[in-house]
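Quick look at what TrEMBL annotates:
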| type | residues | note |
| --- | --- | --- |
| ACT_SITE | HIS256 | active site, proton donor |
| BINDING | HIS256, ASN257, PHE258, ARG259, HIS260, ASP297, ASP407, GLN458 | AMP binding site |
| BINDING | HIS260, HIS296, ASP297, ASP407 | Zn(2+) 1 binding site |
| BINDING | ASP297 | Zn(2+) 2 binding site |
| DOMAIN | 180-502 | domain 'PDEase' |
Amino acid sequence: MGNGSSFEQIKTIYLDINGKEEKIIFSRHSTPLEIHELIAQAAGVNKHSTISLRDKNGAHVAVSPTMPVNSAQNPYKVVTREPPPATDNDAFQAVLTHVAEQLNRVFQMEETRSHLNHRINMLEKKIEIEGLKAVEIEKCKSEISYIRDQLWNAQKKPIMTSGSCDHFFSSLSDERKIILKRDIPTYPKYTLSQETVDYLKQPTFDIWHWEPNEMLSLLEHMYHELGLVEEFNINPIVLKRWLLCVQENYRNNPFHNFRHCFCVTQMMYGMIHLCKLWERMTTEDLGILLTAAVCHDLDHPGYNNTYQINARTELAIRYNDISPLENHHCAVAFQILSNPETNIFAYVDKDTFKRIRAGITMLILATDMARHAEIMESFKEKLAAGFDDKNKEHLDTLKMVLIKCCDISNEVRPMEVSEPWVDCLLEEYFNQSDREKIEGLPVAPFMDRDKVTKPTAQIGFIKFVLIPMFETVARVFTQIDEVMVQPLKNAKDRYEEMKSIEEAQKEAKKALSQNH
């Protein structure tokens, strides 16, 4: 890049040393001491010599990384003076100066990192929003890559060599393991048909027909369509990178995987539109609901809280047996958001972020089924007292119930969409119960492959958990009754019929074996 570029990283300075032309090259991150030593080396004098530079007009030029660049036709004249004989005091002062210089670099590192990250975000936003010409886009991408490399090298570079400082920087690095996990996202941008856009808002949406990249694009569409990108001033490329990072932090479990994350988020998106939640809530509230749905099962290990507690896992110990998984999902969510490259809330003020963090945490913790009765009782009390949209406690409880509905809403969907999820859930249950048997831990009957069947797994859950919960929500949003409660009742009837057939077949088989 030319010397006039605002992204200049390397400088070339021309020198006149006793009539002989020399030049030095240094980074703008170099210290004045390092540049001084370079000039001393070029001049062939002691590095402790006094060195001054003068331009063509005789004016003195400061030896620093910000000195103006010049040309071979206009070199800086170098004037040197040998240092006086060194004393012990001089040596001591030199050591102090060196230590001060190193400390200054340590404390400026965070400032430099923040500055570079800010520039990266600005460049990326420029690429996405302003639609630069192709050649300019490539130039910006090159500059982004260069800045990122500089930032990465700055984070890895050891500044001091003492044991305590080595420990400081290695622990700093450990805390940043997810930083730079992805470069600019490469998943294709899909053009969604109007039919897909409309279908995405329906609870009947079939989530099985979409590839991971397509699900990412659909989630991205939700943030744009609900006005969340504008509300939170989200950098569109950061939104893409955040979604990719979220996807990478869902494990390949039979049930609790990225498709489940998409399924829950799509149902939340559907309920926002079905219930016209923007009439009762702010756009910020909608963003909290949608983001909590996206993050609600991050890094789920495939074994539930009961297993974590009984097996005394690291998670159970860390969170004192109190909703260990849900606390972990929250922690991973905000670890991702603590990375500037994946922080979709980077441009909200501190008070707004504080509300967002509290809201997302509240909702993810509400998905622990151990709290089901507590949350539903609280919601019913508020309904009995007269539900008030303007009352924060009432609205918070409603939001908790909404994410609970979305989290366990599979049976609201058509049978061909919902039934495969039952198979996935039972597979995950059976994996856990098999492990519990091997480890000598208690086994829940509804997870035991020797005791449970598909209909027995679903009938009680639909009858005693899902239908009562959705019927309660229908007291606030009457449209839910037809669109969600009725399909749940149909699913219950279907599984009861399936159970009757299974029992009849079992009896027939038993009678046949007795006759023989």
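Along the chain as shown, residues are numbered 1 onward.
Any Cβ shown, glycine's included, is placed from N, Cα and C.
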Practice prompt. Would you kindly give the Cα-Cα distance separating HIS296 (Zn(2+) 1 binding site) and ASP407 (AMP binding site), rounded to the nearest Å?
Written response: 9
Worksheet, complete the sentence: Other C-beta atoms within 10 angstroms of the C-beta of ASP407 (AMP binding site) total 21
Worksheet, complete the sentence: For Zn(2+) 1, residues beyond HIS260, HIS296, ASP297, ASP407 with C-beta within 8 angstroms of the site's Cβ centre include exactly HIS256, CYS261, VAL264, ALA293, HIS300, THR367
Practice prompt. Express the distance between the Cα positions of ASN257 (AMP binding site) and HIS296 (Zn(2+) 1 binding site) as a whole number of Å.
Written response: 11
Discussion item. What are the sequence-distant neighbours of the residue listed as 'active site, proton donor', meaning same chain, six or more residues apart, C-beta distance under 8 angstroms?
Written reply: TYR250, ASP297, HIS300, GLY302, GLU428
Discussion item. Given a separation of at least six residues and a C-beta threshold under 8 Å, show me what packs close to HIS260 (AMP binding site) in the same chain.
Written reply: TYR250, ASP297
Fill in: The one of ARG259, HIS296 whose CB sees the fewest other CB atoms within 10 Å, among these binding-site residues
ARG259
Response to the item:
ARG259 (AMP binding site) and HIS296 (Zn(2+) 1 binding site), compared by Cα position, are separated in whole Å by 12
Discussion item. Among residues HIS256, ASN257, PHE258, ARG259, HIS260, ASP297, ASP407, GLN458 annotated as binding AMP, what is the maximum Cα-Cα distance? Answer in Å.
Written reply: 23
Practice prompt. Compute the average pLDDT of the predicted model within the domain 'PDEase' (180-502).
Written response: 95
Discussion item. If you count other C-beta atoms within 10 angstroms, which of the binding-site residues ASN257, GLN458 is the most crowded?
Written reply: GLN458
Worksheet item: Taking the Cα atoms as reference points, how far is HIS296 (Zn(2+) 1 binding site) from PHE258 (AMP binding site) in Å?
Response: 11
